[in-house]
Number of protein chains: 2
Amino acid sequence: MVFRCELKKVVDDTYDIEIGHGLQEKLVADLKAGLTGRRRFAVITDSTVEGLYAKDIFEMIKAAGFGAEMFVIPAGEKSKSRQMKEFLEDSMLEKGFRRDCAVIAVGGGVVTDLAGFVAGTFGRGVPFVNYATTLLAAADASVGGKTAVDTPLATNLIGMFNQPEKVYLDIDTWKTLPEEQIASGLAETIKHGCLGDRELFEYLEENVEKIFAGDVAACEYIAEHNCAVKYKVVMQDERESGLREVLNLGHTVGRAIETVSDYRLLHGEAVAIGTVAQARLGEKYGFVTEEERARVEALLERAKLPVRIPDYIDKAALVKKLYTDKKVRDGKLRFVFEKGIGEVVQFGENCFAKEIAENEIAEIIAQM
Amino acid sequence: MVFRCELKKVVDDTYDIEIGHGLQEKLVADLKAGLTGRRRFAVITDSTVEGLYAKDIFEMIKAAGFGAEMFVIPAGEKSKSRQMKEFLEDSMLEKGFRRDCAVIAVGGGVVTDLAGFVAGTFGRGVPFVNYATTLLAAADASVGGKTAVDTPLATNLIGMFNQPEKVYLDIDTWKTLPEEQIASGLAETIKHGCLGDRELFEYLEENVEKIFAGDVAACEYIAEHNCAVKYKVVMQDERESGLREVLNLGHTVGRAIETVSDYRLLHGEAVAIGTVAQARLGEKYGFVTEEERARVEALLERAKLPVRIPDYIDKAALVKKLYTDKKVRDGKLRFVFEKGIGEVVQFGENCFAKEIAENEIAEIIAQM
């Protein structure tokens, strides 16, 4: 006999991204007004952000009468690991955290990706809030609900889709970012321009230096446009069945080179190199003109990003690493390509990635 | 400014539980007909079930033209760990599994809980199917979508809600179960009777010995009633915000004693002791009569289950362990109680757990 479990329901994961300056007090006011519905908070941050912003936020939350503990992971991409997830879980359990808590992530993409994953499986899911302190987190991690850790064999392959209760993009925090971190965030921003927002791309061609100078209007412009591009894509395909793959532009080579570099390359730097590889291969296929490809490279360079593969990278290892990409199907490499600037190439119904022979991309890599 | 991410959608997690005898061929036929939509399968099982059923299923899947690999964990509750999850993930990645696979769990509750969790976070979620080979899995793990691992500090607190594509309850497999495993499954079955199905409870009072004898009709009856009770509760409260807590009857003491025994007690044995503790405390409150409490104890004993706390248990440690229960709120213990036989006590709107002072339950534990 067959017993049917009918489990159809409406899920509403709607949330707000608040973009502004110095949003610490707003966060605490929101928690007081019932954001997350919890009264005990695990503030998760890293060793860099702790002293800059997280400790203040943690103290403000306690001063508001809530229960709170702060948990600090070492800064850097290597913390995005199962071991660090376990460390946070054990630390939270030890401090008596159970299902009646919420997580407040304060930091960049590593912190928000990891803390969102911790929240998603702690007590089978507790609410979480992201307080993003980097341009990269603003560009990449704030929309889409992707959380994950890396493993020795693959980046971002262990994780879940988990939407926060709210995201704060505090543009003031970008002032304390080292230049290479601003550049890293710009890589994802330029990628967003390439794949879905020609206006954003051209705005950056006019104004990229203003971001480094901390120009308020320019920073707000890119924060908002990053959200809008990503949201437009994600809203149509939350689970990455097709369209969402376009966000992976530049990430096939990017993710692989990030790992092969053993994280000497920042995520954005790796994506910049991957975006160039994509544009060069795309030029061969006629998806972009030589002039468009040159504009992409030029903008990345003005954003102080690498557009060539560093000498210390083992190119054979890099090609092999491409096969750990999540777009791989039936053992075949698949790439997303921009179509000119501001659009992507569509290869079929709901299909935005093209199968590529290994030697085609190996040739591009050899030339870079 | 505020950017709103509207993410409202209809989710349909409906699935079938097929109850029958020797369902291996049906499973393979279903996969051929498109169940999971994948063509590459990770068959996850344990060292006991491997030779009994999993290897055959694995061979049949390969013979049907699919890609498949088998991954074997050591039998026993201790395998429900983050380390074993990591082992499975690394093994799958090493064999080239990516997001285009599905997981087939073949085994009891440990295997299905762990494999369901692995599937839920592998590539941010791949489909999975449960082929349940124990009465406990049939009674406990088949409805509700709960997946989890244990940690040194708490059982089942790291996990997620994740619904399978289909569940097979193969009653034939119960024949190879050791008697204490049948008993362990009966503990959850009796618990279901206590909390929501008086008819099931009374059927067991008439027929419990028939389950040990492998009587087909009796086995089918309890498989179906287990699904029905649990489904009735879960359908109304998938995320355990209130009503679903009733399934936790007997589990406050049960889960704690399971851990304190270092898993010398099987899950069902621990639940049996916990159910008695609950009934004894409930008798003090007048939720059950002395006669009803005695009927519960008598039925558990006829099901070859312990109704007293073994001598090797440190009772002080047990009381302390109660605080790791997931129903704990603001540091207070909370218990679910049956109301007579076949119902639970409701303590308020959407509230089915009562706050208990430590000394009240400590006294019951001391007497047991």
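A Cβ is built for glycine as well, from the same backbone N, Cα and C atoms used for every other residue.
Among the features that TrEMBL reports, domain '3-dehydroquinate synthase N-terminal' is placed at B:71-183.
Residues or ranges marked as NAD(+) binding site by TrEMBL: B:G109, B:V110, B:V111, B:T112, B:D113, B:T133, B:T134, B:K146, B:T173, B:W174, B:K175, B:T176. A 10 Å cutoff on Cβ-Cβ distances gives B:K175 (NAD(+) binding site) a total of 10 other Cβ atoms nearby, all chains included.
As annotated by TrEMBL, domain '3-dehydroquinate synthase C-terminal' applies to B:185-328.
Annotation source TrEMBL lists Zn(2+) binding site at B:E188, B:H251, B:H267. Within 10 Å of the C-beta of B:H267 (Zn(2+) binding site) we count 24 further C-beta atoms, all protein chains included.
Comparing C-alpha positions, B:H251 (Zn(2+) binding site) sits nearest to B:D113 among the binding-site residues B:V111, B:D113, B:T134, B:T173. Recorded residues B:E188 (Zn(2+) binding site) and B:T173 (NAD(+) binding site) have their alpha carbons 18 Å apart, per Cα-Cα distance.
Cα-Cα distance from B:D113 (NAD(+) binding site) to B:H267 (Zn(2+) binding site): 13 Å (rounded to the nearest whole number). Reported as a whole number, the C-alpha separation between B:G109 (NAD(+) binding site) and B:H267 (Zn(2+) binding site) equals 10 Å. Averaged over the domain '3-dehydroquinate synthase C-terminal' (B:185-328), the predicted model has a pLDDT of 93.
The distance from the Cα of B:K175 (NAD(+) binding site) to the Cα of B:H267 (Zn(2+) binding site) comes to 19 Å.
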